[in-house]
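J.: If you scroll down you'll find the structure; I have some questions about it.
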Amino acid sequence: MIGSMLIVIIKGTLDLGGLSVVLDHNRQYDRLVGPDLTFDPTARMGVFALFIGGALFKLQANGINQAIVQRYLTLPNNKDVKKALVYSLIGFMFVMLMCVYIGMLAFAEFYHCDPITTGLARAKDQVIPLYVVKNVGHIPGLVGLFVAGVFSAALSSLSTALNSLSGVILTDFVEPFRKKPLSERQTAYLLRGVVVSFGLISMASVPIVQRLGLVMQLSSTVAAITCGPLLGAFSVGMLLPFVKTESLLTGISLASSFTAYIVVRAQIAIFTGSLTFPAKPVSIEDCDYTFDLPANWNATTTATPTESTSHGIHEISFLWYTAVGSVGTVLAALLATLYFGRQDPRVVDKELISPVVRKFWYGKYDSVASEEKNNFNLHESETQLKLEQSEKS
């Protein structure tokens, strides 16, 4: 994946005349812009949304996501987990910068003849493949290398997700309800059946997904319905041991419903055109091929979308969705404790609580008499005992 992108970047930069030419074209037509310096929650890429909402989105993606946690569990200790996380973030930023630069290359190539307006590309995600074909299509094998890179990236993510789904369904939805454990062959058939089923569902969803907007926004949008409340649930579990299960379930239900309402309402508004986003002007003045245009189209710039005619909570930036779900879960769970009551923190194994707040919740109980402690059904950490015994041996 990285190799194919590097080849396109190097070849494209040389063909256009160097890095300075690429930057000049993008700067001249106002493509080099940073996040909006505004605290308006409806700004799609506002600085506040990026640094707060985006941080919470990456926190759930790298902290509680089933696929990433499974990878953490393959490492021997927490130190290696931290190293892997740092290295992966560095690699992620490097790949994202490469993607941004390829977008700049594509604009520098097509700035005088927009392929979407002329119908050469039917959607925004077709512009980069079109640029690759035009840029390196005459070199045997390079287009295939780029396509292989794209598919390898997609398949690696998809295979990880399907593997995680099959593991969760086996562990949480099948094994607890069976009196007799599954045999090795039965387990294999079950896991393969789950993968095939979800794979077919994914394929059947393609016609719907391709109508729902940009990939990055769509992934953040759909994931927020469940991942936002899940981040809130983990936060409550690790930081607030006095919250009962009933209170947390209430918080998750309310936050999930509210987030789903915002997401679905926003997607409907985008699909119907009542919620639009400003677009940069494009030009078709220097096209060297023939094409058909609507009679009322301006030959130099596309019409800027009209301002949104609707006003509501669904107009907030998609970067806030995870924040809404996670913060909403925590707040709703705390409010639910007024009805369901508080539980004593000592009934929760303190090793399940974040070390940052462990002393706050359990430090004041260090001097409690042992006979008083016996009144509680305390949890014991068998894992820690086994580790201590193995170290002594």
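Residue numbering: from 1, along the chain as shown.
Each Cβ is built from the backbone N, Cα and C atoms, and glycine gets one as well.
Note that TrEMBL annotation is computational and uncurated.
Quick paste from TrEMBL:
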type: TRANSMEM; residues: 45-64; note: transmembrane segment
type: TRANSMEM; residues: 85-108; note: transmembrane segment
type: TRANSMEM; residues: 142-168; note: transmembrane segment
type: TRANSMEM; residues: 189-209; note: transmembrane segment
type: TRANSMEM; residues: 221-241; note: transmembrane segment
type: TRANSMEM; residues: 248-271; note: transmembrane segment
type: TRANSMEM; residues: 318-340; note: transmembrane segment
J.: Residues of the same chain, at least six outside the transmembrane segment (189-209), with any C-beta under 8 angstroms of its C-beta?
T.: 158, 162-163, 165-167, 169-170, 174, 182, 218
J.: Should anything in the same chain at least six residues away from the transmembrane segment (221-241) have a Cβ under 8 Å from its Cβ atoms, list it; otherwise answer none.
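T.: Long-range Cβ neighbours of the transmembrane segment (221-241): 56-57, 59-61, 63-65, 212-213, 248, 251-252, 255-256, 259-260, 263, 266-267, 318, 321-330, 333-334, 343, 345, 348, 352-354, 356-357, 361.
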J.: List, by number or range, the same-chain residues at least 6 past the transmembrane segment (45-64) whose CB is under 8 A from its CB atoms?
T.: 34-39, 85, 88-89, 220, 223-224, 227-228, 230-231, 234, 317, 319-323, 326
